[in-house]
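Some notes on the structure that comes next.
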Amino acid sequence: MQNIYLCLTAFARGTYPDDAAIAGAFDELMSGDAPDAAIGGFLVGLAALGERPSDIAAGARALRSRMTRIEAPVGAIDTCGTGGDGKGAWNISTTAAIIAAGAGATVAKHGNRAASSKSGSSDVLAQLGVKLDCPPAAVERSLAEARVGFLFAPAHHAAVRHVGPARQALKVRTVFNLLGPLSNPAGVKRQLLGVYDRRWLVPIAEALRDLGCEHALVICGQDGMDELTTTTGSDIAELRDGDIREYSFHPEEAGLALVREADLQGGTPADNAAAIRALLDGQQGAFRDIAILNAGAALVLAGLATTIPEGTSLAAAAIDDGRAKAALMRMVAISNGEA
């Protein structure tokens, strides 16, 4: 555990360790040999100084090196965000993934159980009939045939269990709250990535650049939502071909009316699954609007739209002509082993 202790010594002095020590420490954390006290000390020490983009990228590399990988078509995207915004909203990024798949994108949707809401992506997809523990070959088939597959984080990231007890004991956010979206098992290079605090917009974009991402929209609603919101504007850090630019986007640019936060409140996994079914059957309202907005951004990343407003229109059409619902139904069938 040499690198962890080198890092702890540096943290105690109020200084950053060198990059090699940080990278080595992350490897040691996920090896299963580090004591919980050392893991906790490393995570708190890094958080106290502030996680830099290079630190975040190092953690993601360590996680990626141990994950169970799947193959995805070239150009596949992910809509997984950090979660943890405390808003308790509908499962927006999951719904956006389904809609984007219906519109022609290939979406390797990485996700987990609920972080701060009542319903995480895996919770609602299970309610919709998706089998979470299907083998990698079934996920790959789903990506090929349904254009959407669910990559259940615990099934692909077994090494994370080694830091679980220390994280639970700390009860504070650490770098691991940021690493999941950076560690897609399909190795996607295009991402719509919502963060729970706008201070992470540029650092996450820089970490993605370090990790070889081609095109990403790192987003945070000005209401604190880790999505493109429809209650107000959203802030975006866009990474494209190595360059990062910051700008804001307002839902009215896509022809969408502003709503109240209360209009976006989700419920239990069963509640949210029922809402997704209704949306895919054509129900209008605030949930549809925020879902097509985020799906529209995903379609920009997939190269199927040039602007978010254009993508939003394409997303709406995929609902209205039944393609989005068909994508979900095919994903459910494949995950359950049906021909």
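Every residue gets a Cβ built from N, Cα and C, even glycine.
If you look up Swiss-Prot, you'll see GLY81, ASN112 marked as anthranilate 1 binding site, on the strength of sequence analysis. Under the three-state DSSP scheme, ASN112 (anthranilate 1 binding site) falls in the coil class. Non-local contacts of ASN112 (anthranilate 1 binding site) by the CB criterion (under 8 A, 6+ apart in sequence, same chain) comprise GLY83, GLY120, SER121, SER122, PHE152, ALA153, PRO154, GLY180.
The Cβ neighbour count for SER117 (5-phospho-alpha-D-ribose 1-diphosphate binding site), using a 10 Å radius over every protein chain in view, is 23. Annotation source Swiss-Prot lists 5-phospho-alpha-D-ribose 1-diphosphate binding site at GLY81, 84-85, 91-94, 109-117, SER121, citing sequence analysis.
Per Swiss-Prot, Mg(2+) 1 binding site is recorded for SER93, GLU227. Close to GLU227 (Mg(2+) 1 binding site) in the fold, though at least 6 residues off in sequence, lie GLY81, ALA89, ILE92, SER93, GLY194, ILE219, GLY221, SER234, ILE290, ASN294, each with a CB less than 8 Å from its CB.
Cβ neighbours of ARG167 (anthranilate 2 binding site) (same chain, under 8 Å, six or more residues apart in sequence): LEU43, THR174, PHE176. Taken from Swiss-Prot, the feature anthranilate 2 binding site applies to ARG167, supported by sequence analysis.
Marked as Mg(2+) 2 binding site by Swiss-Prot: ASP226, GLU227. Within its own chain, ASP226 (Mg(2+) 2 binding site) has GLY81, THR82, GLY83, GLY84, ASP85, GLY194, VAL195, TYR196, ILE219, CYS220 as residues 6 or more apart in sequence whose C-beta sits under 8 angstroms from its own.
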Statement: Around the Cβ of SER93 (Mg(2+) 1 binding site), other Cβ atoms within 10 Å, all chains included, total 30
- line: Out of GLY81, GLY111, the listed binding-site residues, fewest other Cβ atoms within 10 Å surround the Cβ of GLY111
Field: Cβ neighbour count (within 10 Å, all chains shown) around THR94 (5-phospho-alpha-D-ribose 1-diphosphate binding site)
entry: 28
